[in-house]
């Protein structure tokens, strides 16, 4: 089959350049907003049973990522129709004053028969940092009423474009069929790393819940699941080499653990949706649960409330243990990045331990616990970066405490004034991730997504070179107050605010009422896809 | 069959009288805490297939409330066992350090075969204000190892006692069967009206969601579902007499409405669980959605942002309409109480309307809009109390604004200093309901149930006669930010705090850590019953 030649000349307006009046008039139901788009006042009817995805290059018919995506999005489109039909059958006889929908022009009995996938890249299988996610999408009821075209140089761009394609779906004027809004879209993300942190130590999350979260990430074009898998409270990672870690450190060593098979299933589920799974094994603090299964790992505290403190940095056996454990981890998690934690290290326990104090005197760092932390972290980073050739990420304290880091180590800002922090991190030549303004565990009454939406990652006063070092950010859903009963609802749509800030072009003057309207539509779309997103904006309803 | 004679002498300690040391030692897993109880350090094994409820009086074998309750609680007990067995099959080989459970004495292969229901009242069918909910429960593995006894003078007491019986269920020492803790319990509620408000106007709640909320109410011994069914945003009540009200005022006139059949199903579902369904039709404010289907009802505002304001109190047709509507409502909702609302009336619209101003001059109340509100509310209350002989409840502003109320009208406090408000209301001779401190729509980070738990309804400085007028209270789950995705999670266990304050004896010195532990257990119990209660207290897990 031949590639359809694009003879049409499409004028693409950058969103931030076109007039406010036009933007206010219609931003569609996009979330996140594409880099640039034109929406036309016309639509093409779509009948799911007469519609298919068509890959132009025949040698890609077996590309798994694409084929799984076609199945998935065919189902999403078909489900939209069946919901519509149910609604159509119950169609009200009364007029309705509460809302009015966009009025479209449906000219004649034409149907959109194909979304032509014009793809010129490799059939990649695992998403990675910096992957190409750009795409173009053309739906034109005048020039090509039977065929829409989705073009990208990468499978990841195709995934993102398919998601956007579903956001052009509308109810046709008679209320009984679907239509696709005509549009011309040229899209790519503003930041490469668009993450969501989940925490499975404070509360265990079942595999099915994590998959539902990944569904939501795909719908929001988020691409990194930062899996804070273990912490003080429990150690649900079931290691093959060190089974006692979960055997003695999990809430329940059989029921509340992630087996290697579970983890592989989650990684695969995420991969076909263009989502990386980046594990965090936080040390030397936040490790209470590690101590049950690995005697000698933690520092014995003297005369403190807690019996054990952070990892004991002067016990050389601990580095051998961590080397072996991290070696297993990087083989189970294929992502190129391992998060090493390093936050909130309590120095009191180290200071209470006479052997550590003596060792510090012997090693000329008496009383300087930040230096001791540096010594520990540098050892760990050396293992991961040098021996395992895996990139590392650490929380900001590691940088703040003056640990001598490789330039390649990424620093994640989470506390204090984030503008100053990002300025300092990037000024020191490090890549940075922003999370400070996107902590989803903080609750407020009402539609608190706006607080997250106000956060602009590049508002700090650094140079262009510094700003180029900000590779993205993450919304963080710490697990103290969430389990399978409420975690998905609390993430979505609040994380959607961060998702748009990380994908869409900077535009500090975007009309917040328009954004509200798009988010309402996006929440209803997620709910139709069985992602239980909670109400974003006060009273309302979805049909 | 004969009634088993209680020859045993049981010394009942009042909880508030026994020493703190004993209370701290063991409060069981009760929620809410019974009025008085003794827990013994022994248990009797229970095998659900060898266990049955046995009504002593043969003429009550056909009592529907009881039979439905036996089915329901048999299932709850059976489900507990099947969860246990699943867990037993996966039983861990490792010891576990995170928690330790109460150690019990299981002496010999005895099983509890019966819970004998010793019931001496009428087989009532509908719960009502002031119904008798007291009961006694005796489980004694020494004196009567085969039979436990639940005694009450009313079916409602039997329901509450069955709930408490399930709270004595434990895992037996071998981890493979259930056991019932030996105990002697004498229980009755502190307040008669223990309510939960739901709001189906800001977001529609499906019937199934409302039933799940009622399940949770039963598990917390709450007994009034205050159904704030309509408001400004939508009118989902489908009236037979006035179909245009929902036809034009619902979010969707076919899909997002409650038919009379829906309402009857909810009332029946609640009734067999000992829960009253009390509707609220809030006027004269909060009525925007009413106006679409009932032209002339609302006041036309002049030169204001909103076109229509509160109900027009000078249009005599409106009282005829409301009389007919309320007449329908009291026939559909069998509860003896109708909530008339009356909160947050905006006087600006009335003041902008020249006809109303003229009428006020003519009727010698020029400029006194509180008097106009009085005029309206008195008319409405007259209709409901005098013509329909139905009790009324109003929000506190009606009282605060000096409306001349019947003594029988109950006033519900919701805003401002609740101690001063309750003092004023009861000092004027009115019965009072407290909600001010139990607004579940206010969100805070972390385990915010403690804030609700701190509220003591009788802390105000009134006389004993005044305090006797406080008939209870309600937790209020206003609907602005909740729909079917998150409402149950947000209600439970936060409303559980109010439930215990309203049921259990006053005890300002209860150890909060013990309360935390009981609430954790209660949440896990609710989750086993498929009520998705969210985590109350930070990190943890349920098995």
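Glycine is no exception: its Cβ is also placed from the backbone N, Cα and C atoms.
As recorded in TrEMBL, the features of this protein are as follows:
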- A:1-21: signal peptide (SIGNAL)
- A:31-168: domain 'Beta-hexosaminidase eukaryotic type N-terminal' (DOMAIN)
- A:63-A:123: disulfide bond (DISULFID)
- A:191-505: domain 'Glycoside hydrolase family 20 catalytic' (DOMAIN)
- A:301-A:349: disulfide bond (DISULFID)
- A:344: active site, proton donor (ACT_SITE)
- A:524-A:542: disulfide bond (DISULFID)
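Where TrEMBL records a feature, it is marked here on the structure.
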| residue | record | contacts (Cβ under 8 Å, 6+ apart) |
| --- | --- | --- |
| A:63 | disulfide bond | A:55, A:123, A:155 |
| A:301 | disulfide bond | A:307, A:308, A:309, A:348, A:349, A:352, A:353 |
| A:344 | active site, proton donor | A:285, A:286, A:397 |
| A:524 | disulfide bond | A:542, A:543 |
### Query
Can you tell me how the residues of the domain 'Beta-hexosaminidase eukaryotic type N-terminal' (A:31-168) break down into helix, strand and coil by DSSP?
44 helix, 33 strand, 61 coil
### Cβ neighbours of residue A:349 (disulfide bond) where a neighbour is any other Cβ within 10 Å
22
### Query
Highest CB neighbour count within 10 A among the disulfide-bonded residues A:123, A:542?
A:542
### Query
Does DSSP give residue A:524 (disulfide bond) helix, strand or coil?
helix
